[in-house]
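Have a look at the structure below before the remarks.
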């Protein structure tokens, strides 16, 4: 039966690899050219070597000069920046891949997006760090083709990593000829090979961020594969005994890992250490490790060490010696941090813990330039799995300690399986500590940087979850819990991984809708402004329900542009959203299309429907119960020259900045339990106050909207004498002085202290008077009014007495 399950498990690996490769290809073609994480910098290093320019020597002053020009969009991103500090094996190999391709178009394809929202998981636009053009489209050619080939090589390396993780878990679970039965019981999850091995492989293959990075140009692809391969070789040497040939191969792999990424150095210490420990133990206690004692194993320990160390030094030692000579730091990471941008202040442990959210998200899926997140509930579910796995590992450890007799505990720890688990944990721990050191030097709290130890992480996740499932099957009589879990989790993760490009990545880089010049437009406001003689601003449409938005929420708006002639320069649009009191609710500078459709691509006459989701500041200080209108101000400017394009009206006359009412801001919507004094058709009065202040009569109204308004209304305030004659003094105006016009009122809105002033002439006689007020629309039609009994008032006006002194 076990043989049949193992055969099924191997076919499961084939299915996992097939799905992974399919996902990898989808990810490779979904992300725009060189726009995955630091991909553009990695490729710049490859191009540097492919052009025969040798290994770079990092220089801070030169780096500042180049990056400042890049920041101002004055030069393309052909500079390798901090990646020039990385060990060169990956770049050298990819340079060989690049040689057959015509890459003369490289500089034309890597112009920066000066408004990119790099590393901002709250971004709603400008996810792209590069300006993209149709030259990248299929069929690929030139640099694009070279990059796609490298991305597919990365997918292949990822497949090897998945297979190695499977083999590593299988080695961990392999039966021993001599075993301790109690130890086996304590390690129950390790003995569930048909479940553990595919589950561990699935945690690698169906990690969306892993697939995203492996399907890109990044030295992590080779570093992860070599690290996983080294752990597999080490585990097999611990399980079956080490031979000199294996030691040399392991040394070459460790050297390759160290020559690919500095994090490989840690593995070059951890793996040989546990291999040597296993050889010492094999000599001291042969029956627990092998069927026959090997009296030569102890004597072979030193040659084995040399067999691992010398090839590793031969492969990678020269690079670290070069770093020491050039920078006084054999790892080169201090200089790399200076080039990448050092932290101004070294963070405390609590501050680093505060960066956990981004760290966790970037392990599972924070795409693009670490700025395209998945839905919040997905991270919550993954965190729940992590916590569950943590409890499972704790249960397994406590159970193991409880079952081991004190005299047998050391022997159990030195068991081959325990040594492998300790090696995997040590590899993870050292990598994690190294990452904490690195992120304390520069902002780099990204979980994806742990991918070189993704195999140990995935195995421990699988062990922990299977431990919980095994406990559930015993305690709650859920016999099929482990098998159900081993099927459900990979299925869910596979679905997530396959859907993520279509749900998150592709929409982020989608191009705006382009319309014909005579296409009908669903405008909430027509504007007809012209910027210089280049771009026409036709108007905008707001998509928020009831055109209502609160602080911290998103104003969803489509702007409609039209090029008046061919444009040979990339102009930036600026978008400003204002609230009451000149408060800036949102500020955005962007290339059109959310950064994806720059003006040099526009066709004259073609209308661009440019949609934005503008998240408002959550610190707006509008009075708590006083809603406000939101005004939209847009225009264009030349980012490189720092020059605004002048604005003209449709007649060609210069005009200043134009703000248009776009939506309304409401901080609180409620229905107070108040007795209504009187009402109009769509709004009631909760309070009416009239008073005299010098030669001014003040009418202070508290409105409660009882229905949604669909058009604007003006309030009229008129004065009548005791005989009912209308007097000249009156006041007409929009509610709240125009800060919150009735067209934005929605059912439930409470508008307080809406004050209207009626100026009295100096000779106005004192006496008893009546103020009548009401609402009329643009056509002059008054809104119907009703008294407290609900009867219609013929003149559609409410009255309030006042004594004028």
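Yeah, the Cβs are placed from backbone N, Cα and C, and that goes for glycine too.
Fair warning: this is a prediction, and the values are worked out from it, not measured in the lab.
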| Among ranges 279-298, 339-358, 399-418, 419-438, whichever one TrEMBL labels transmembrane segment | 419-438
| task | Can you dig out which of the ranges 302-321, 522-541, 542-561 TrEMBL describes as transmembrane segment? | result | 302-321
| message | Tell me which of 484-505, 572-593, 594-615, 616-637 corresponds to the transmembrane segment entry in TrEMBL. | response | 484-505
| Listed range which TrEMBL flags as transmembrane segment, given the options 105-127, 220-242, 450-472 | 450-472
| request: Choose the correct range: of 40-66, 67-93, 148-174, which one does TrEMBL annotate as transmembrane segment? Give that range. | output: 148-174
| query | Out of 243-259, 260-276, which range is noted as transmembrane segment by TrEMBL? | reply | 243-259
| field | Residue numbers, six or more beyond the limits of the transmembrane segment (376-398), whose CB comes under 8 Å of its CB atoms | value | 186-189, 360-361, 364-365, 460-469, 471, 489, 496
| Annotated stretches the transmembrane segment (12-34) and the transmembrane segment (450-472) touching (3 or more Cβ pairs under 8 Å) | no
| task | May I ask whether the transmembrane segment (484-505) has at least three C-beta pairs under 8 Å with the transmembrane segment (450-472), counting pairs 6 or more apart in sequence? | result | yes
